[in-house]
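Asker: Not my notes, these are from Swiss-Prot:
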- Cys50: active site, nucleophile (ACT_SITE)
- His375: active site, proton acceptor (ACT_SITE)
- 447-470: compositional bias 'Polar residues' (COMPBIAS)
- 542-551: compositional bias 'Polar residues' (COMPBIAS)
- 553-570: compositional bias 'Basic and acidic residues' (COMPBIAS)
- 574-585: compositional bias 'Polar residues' (COMPBIAS)
- 41-424: domain 'USP' (DOMAIN)
- Ser505: phosphoserine (MOD_RES)
- Ser549: phosphoserine (MOD_RES)
- 1-23: region 'Disordered' (REGION)
- 85-110: region 'Disordered' (REGION)
- 447-473: region 'Disordered' (REGION)
- 511-530: region 'Disordered' (REGION)
- 540-585: region 'Disordered' (REGION)
Amino acid sequence: MSLLRWMGMNSPGSTDRRKSTWEAELPKPSIRPETLTDRFYGLTNYGNTCYVSSVLVSLYHLKPFRDSLNSYPLPSAPPNFKSVCTKTNHPESSSSRHSKKKSMENRKSSLYGSNGINSCGCVDISNVGSESGTKHQIVVGESNCSAYGMKENIYTCLKDLYCSVSCCDCRYGICSPERFIQVLRRDNEAFRSTQQQDAHEFFNFLLNSVTETLDEYYGNHSDVMHPKWVHSLFEGTLTSETKCLTCENITSRDESFLDLSIDIENHTSVTSCLRSFSASEMLSSKNKFHCDVCKSLQEAEKRMKIKKLPKILSLHLKRFKYNETQEGHDKLFYTIVFTNEMRLFTTTEDAENAERMYYLSSVIVHVGGGPHRGHYVSIVRTKTYGWVLFDDENVTPVNENYLQRFFGDQPGQATAYVLFYTAADEEDDDVSEVDTKESIKPMSIPSQLKQESVEVSNLSSTPRSNSTITYPDMDPMVASFSSQYSHKTLDRDINSRSYFDREPSLDAERFHSRSVDASPKAVRRESRSFFPSLTRKRSKFFGSSQSNSPKDSPLRDTHKSSDEHSESKHSHTLPWQFSRSRSKR
C-alpha cells in the first residue's frame, strides 16, 4: 500500500467517505502517552494584538506556569467550559460553498499536484478528519470567574483561556481570546489603543496582575495557604555589592526581580551581556560612597551579582534606545548570539544552585523598526515536535537552526527580544529526556515507512537538506516532511505579515480587499507607501540572497490577486498547520 493511499489521499472516493479525526490517520508519535498533553493553538489577532499572543503562547508552553495557573485557586464547582470550547460551523450557501471548493481545488492542484505532494515534499492533510466547511476553533466567551470565587479580571480570563485549550479534545486549531482582550482593554488604559504595544511591557503587566489578584484572593481567604507560585517560578535575587577601596569593607543590598533587562552591545552573546550587567562600576568624584566603617565618603567599587537563581529565567534584550533628536525610540539591530544551553557565572559565592543549567524554552521575536510598529511571533520548544513557530493563527514546526535567524545579523528586521530559559532541574522528566539530556540526532524512520518516505523524497523538486535537524521523539510523519521544509517562504510570510501591524487603520483583511479591487499599478503605488524599506532594498527576508530584479522582489509575491495570494500564503502548509482563511469583501 502506498503512503498516499494509506493516508486516504489518492484512493477513489476518499473525499466523500466519512473520516475520523486526522490524528487517527497518522502514525502515533514515538513518545510516552503523558507527553501528548501538548496543544498547538494559534491565537486570533484582533488588530495589533500580536504582542499579547506572543506572550500568552510562550507562557502557556512553560508547563510549570500553565499547571499552576490551572490549579490555583481550585474551583468550588466544575467550571462550565461548554460555552468556552466549541466547534464552530460557518453556514454557507451552496453557491458560496461550490465557489470556495473550486478555488480550494485549484489552489491545491497548484500546490500539491495531482498526487497531493507540493514542491517541498509536504502532504496537505490539514483538513483530514474535519467536516466540510468546519475547522476546530475555540472561542473563549463567558467567564467562569464565579467558579473560582473571584470577580472577572485578567487572571480569570487567562485561566479560562488556558483551561479551554488544555481541556479541549482536539490538539490542533485556532483559539480566539476575545474576552481576554476585552477585559485587558477595559482594565488598563495603556492597552486600549489599536497601536502596537511592547511585548515585554505586557509581560510585566501580566505577571503583576496575576500576583496582585492572587494576593487579594488569598488575603480574603486566610484559611487557605497562599502558594505564591509566580514568585516561586520567576523570582530571583540580585545582590548589590559595594566595596570601600579604603577599608575594603563590603556592603550588600538585596533586591528581587521577576525578569532581567540587560543592555546589549553589537557582536556579542547573551552570556557576554550578562557579564557586562555584573561588571564593576567605580564610584568616585561626585559619586563617592558613604562607608559606614570609615564614616565618610570614599571611593568604592560596585557590582551586581545574582544571589538566588530563578526556576524560569526571563531575559529582556534592551533593543530600543531613546533618540533625543527624533524624540522617539530607535531599534538596535545588534547581533546577539543566544544558545540552547546556558549557565550563569555572575553569581555570589553563597548563591543557591550556582551551577544550575538552563535550557532555552521560548523566544519572542520582534519584526519591525520600532516598539510601536511591526509584528511579534513566538518560537517555543515543545515535547512532541521540538521547536514550533506561532505566528498569530499560523502554527508551524521549525528546526533548531531556524533560531539562528533571529540573532540580528541577518538582513531584515526580525530579532530576538525576550528569551525564556528553564532550569534543567525544574523541567518535566519527559521534556528533559527528549530535548535536553539526549543529544539531538536524526530519528530512525519505522521500516514500514522507509519505502514510502523514499517515494515522497523522489517526488519533491527540492532535495533533502543534510543540515536539517529532526528530533528523536518527533512524529515520524512530521519528521520526514519537515526535513524538506523550505524556510524561505516562511520568512517572507512573517515579513509581509509584520507590515500589516504598522498602520492601526489598515489591518490585513482590509488591505487584501483593497488590493483585489485595485489595478496592479495602484497596488504597487500603495505598496511603496506602506512598504518603503522593502521597496528600497528589494531583498529577501532573513538573509536570503538579494536580487536586483524587480520580479524577484517580495512585493511581487505579497500583493497578488485573492486566489494567488492564498496560494503563496499556504504554499508552506504542513500537515497540522492551521490558518484562518480570509474571505473577499
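Quick reminder: no glycine exception, Cβ is built from N, Cα and C everywhere.
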Asker: Provide the number of Cβ atoms within 10 Å of the Cβ of His375 (active site, proton acceptor), excluding the reference atom itself.
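Answerer: Other Cβ atoms found within 10 Å: 27.
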Asker: Can you check how the pLDDT averages out over the domain 'USP' (41-424)?
Answerer: 82
Asker: Starting from the Cβ of Cys50 (active site, nucleophile), draw a 10 Å sphere and report how many other Cβ atoms land inside it.
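Answerer: So the Cβ neighbour count for Cys50 (active site, nucleophile) comes to 28.
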Asker: May I ask for the distance between the residue listed as 'active site, proton acceptor' and Cys50 (active site, nucleophile), taken between their Cα atoms and rounded to an integer number of Å?
Answerer: 6
Asker: In the three-state scheme derived from DSSP, which category covers His375 (active site, proton acceptor)?
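Answerer: Once the DSSP labels are grouped into three classes, His375 (active site, proton acceptor) ends up as strand.
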